[in-house]
Amino acid sequence: MTFRAASDQIEVPAGVGLTAVGMAWVRARESARRDRLFDDPYAEAFVEAAGGPAAAGPAGAFARFIDVVDSHGVQRTRFFDDYLTRAADAGQRQFVLLAAGLDTRAHRLSWPAGTRLFEVDLPEMLTFKQAVLDTRHATARAERITVPADLAGDWSSALTRAGLRPRERTTWLVEGLLPYLDAEAAAHLLTTVGELSVPGSLLGFEYQADTWLLDELRATPELAEFATLLKGGLGESPLDWLPRHGWQVLQARLRSELAAEAGRPAPGPLADGFLVATRR
């Protein structure tokens, strides 16, 4: 899947940031279904601003890759929608989305009064996102605080300067990020999250239990460049890593399980999933 800029007035994110446009395309397609699992009324606007999707490459491995991305993106979005909603219903009022990308949950989910939602991402991503949201006159349903920061740098200082209250419980979402980090960087990021989290804080992220997807990408010439962006994440099961670092896993669900419950197919590997943990 490739995207081209539709206008010189809005700069489209590049590199890993471009994958956020791809996920917006997945959400736009799902939102157009009569049996949709969620509704993102802004997703299509991001795709349009990027010039629209254009399929690249032959059938076969590429087609299977697109199907897996679509399935993963749909189930991931619904799972974490429910995760954030349940946290808010349980009294959590401080939320942080790391690598927020083109996430529009601040605008499309219902939030209790007093909710503060921090979106951390690169300045160019946040600028693109806001420019598109402005064209749709989008209004956030919670106090939305954008934090321009590189997650490879000292993002925690930027977050606290923006108003994060580390002594309060925080609900963290690390969505679509860890696969683009190597084991050391992924562990460092999650360790930093832990240092900013008091007991009762929550953490949600996705996990991949095998290398099928990366192997498939590397074996497909049209996708080899994208494959270089993927670093593998933690390198071990988060079900083992989290308990050693002060977290208790509350929920871990495979994509295939969620898809079956929704009456949807689950193409590709069956070992990817999503989890929620709480700080001990």
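The backbone N, Cα and C atoms fix where each Cβ goes, glycine too.
Listed by Swiss-Prot as binding S-adenosyl-L-methionine are Asp150, Leu151; the candidate from Asp121, Asp134 that the record includes in that site is Asp121. Neighbour list (Asp150 (S-adenosyl-L-methionine binding site), Cβ cut-off 8 Å, at least 6 residues apart, same chain): Leu122. In sequence order, Leu98, Ala99, Val120, Leu122, Met125, Ala149, Ala152, Gly153, Trp155 are the residues of the same chain, not among Asp121, Asp150, Leu151, whose CB sits within 8 A of the CB centroid for the S-adenosyl-L-methionine site. Comparing the binding-site residues Asp121, Leu151 by how many other C-beta atoms lie within 10 angstroms of each C-beta, the top residue is Asp121.
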